[in-house]
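Listed in TrEMBL:
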BINDING   His66, Asp104  divalent metal cation binding site
Amino acid sequence: MELAEVVSVLGRLAPLALAESWDNVGLLVEPSPPHQVRTLLLTNDLTEDVMEEALRVQAQLILSYHPPLFRPVTRVTMATWKERLVVRALENRVAIYSPHTAFDASPHGVNDWLAKGLGE
């Protein structure tokens, strides 16, 4: 499936308009098109170890619940782990998407799931 199609499906499941204004959600790292997604890796938090796992399984997309990029990135070097994530993702043509608070607020999202677990 083309990355744009996957992003569209994710946007229907967790509309980005539902996200908190302070949050950094959606497609955070986009390799140049065309970009086919055959393997998607899910994670709560994207770390360097998770990136290595994504590369091992040859994922073309990482869906990270928490956004790995939150503050503006002023440079992309190997100096910090977050910068290294961007470098590794782009070098290996891995897209990164985060739904975070959009998924929290979406129908059938995290908050609904938690409420059902508590007996609503």
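Glycine is no exception: its Cβ is also placed from the backbone N, Cα and C atoms.
A TrEMBL annotation is a machine prediction, not a hand-curated record.
The least crowded of the binding-site residues His66, Asp104, judged by other CB atoms within 10 A of its own CB, is His66. His66 (divalent metal cation binding site) falls outside any helix or strand according to DSSP and counts as coil.
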